[in-house]
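Per TrEMBL, the features are:
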type	residues	note
DOMAIN	122-394	domain 'SAM-dependent methyltransferase TRM5/TYW2-type'
BINDING	HIS211, ASP253, LEU254, ASP283, ALA284, ASN304	S-adenosyl-L-methionine binding site
Amino acid sequence: MEVVDKSDIAYSIFNANLDVLAVIVDKKDTAKAKKALLSNKTLKLIHRVNVPPIRPDEKDITKNQILMSKESTEEAINAAMEPMGITFTVSKRTVALDYSKHDYKQALKKLLPAGLELPLSFETVGHLAHVNLLDAHGPHRFNIAKVFLDKHPKITTVVNKTSEISNEFRVFPMEVIGGRPDFGVAVKEGGCTFQLDFSKVYWNSRLGTEHQRLAGEITARSPGKAVVADLFCGVGPFVVPLLKAGHEVYGNDLNPDSVSYMEINAKKNAPEALGRLHPHLGDARAYMKELIAQRVPVTDVIMNLPALSHKFVDVHVGAYQRGDPLPVIHAYVFANIEADDPHTDENFQRVAIDLVTAELVGSDSTESVDMTARVIRDVAPNKRMVLVEFMVPCGVGYSNKRAE
């Protein structure tokens, strides 16, 4: 597999001499001196890759040098050290820098034009890193990828999203900007290993904690066996922990690759539970209607399609025969508020609940639905991912009105 490397870094730009202050102390006093220095919030030790902040003094083998950051001042050092009763001196030292002594952020700051925002946020998926570069980063993307690979040795593939998601599978177009064009990854999450092709299926590493939390919530409420319908199951991040916890799961997705990987991951992580897994490929609304019509005793419905989940809740309106059990809905939605509105969890939760309520009973309805909400993560400055949970009310599930 051919490695992508289109970088043209002039490594000489990283060569420089860095003048810093060094605190010279007896070796036996090193730990005490370090603690005293760091007790002063204005003082920091040098932070450079391959440059230990504490090293033997080249002039006296009985002493150590404690190298300080370039922002540290002699006045602050003296103020921190003098009350300790330790014999010390402060002198200047020169540290020779090269590319190997820069971390990712330091290297990018040296490499990119002044004033250009540093691309520091990224998602790792196994051996692959996904970065969202700005248009202004475009001319520098190959150099950015090269630095990323050099400074993150466990990463062997770097991809950049080239445009927004525009397909029903939630898969975005991407470019390999560095490393091996290898999209087949293995991701460890919550004691499970998930296999997937990052170019063909949806995966979000930031939701790992939430996958485990919701599975735990359902298990705590149904310690025997819950019957869960995961309508947008992806490669199985909810399905697998639920199977391992002893539940029965109906996993559906519109993407055939997702369903295939969901089955692979279930077999890999919970082979004993395959009899409790019901994989399905197709439309979520039609599938939910099918489960209800077949009177499958679903206790929980998971809908993790935040852009559209609220549009599917009306499938439960008038869908149940009186006396049939009504499920708990776990709907993940995006909540947006105006920039000048208070950015509190309560505001985002209110917006999310209003979105779901409007689709379930209508925005002008007097029907009361008991809903709870929790903010899951930040998506953008005015946007949060929120989980809305409720049990389908009798007045909704058994009503004479039916959704289309």
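Quick reminder: no glycine exception, Cβ is built from N, Cα and C everywhere.
All annotation found in TrEMBL is predicted automatically rather than curated by experts.
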Practice task
By Cβ count within 10 Å, point out the most packed of the binding-site residues listed: ASP253, ASP283.
Solution key: ASP253
Handout entry: Neighbour tally for LEU254 (S-adenosyl-L-methionine binding site), based on other Cβ positions within 10 Å of its Cβ
Key = 17
Practice task
Can you check which residues sit near ASN304 (S-adenosyl-L-methionine binding site), meaning Cβ under 8 Å from its Cβ, same chain, 6 or more apart in sequence, and list them in order?
Solution key: LEU207, ASP230, PHE232, GLY234, PHE238, TYR332
Fill in the blank from the handout: Sequence-ordered list of residues in the chain of ALA284 (S-adenosyl-L-methionine binding site) that lie 6 or more positions away and have a Cβ within less than 8 Å of its Cβ, or none, is LEU231, PHE232, ASN252, LEU254, MET303, LEU305, PHE312
Fill in the blank from the handout: Widest Cα pair spacing in Å over the listed S-adenosyl-L-methionine contacts HIS211, ASP253, LEU254, ASP283, ALA284, ASN304 is 22
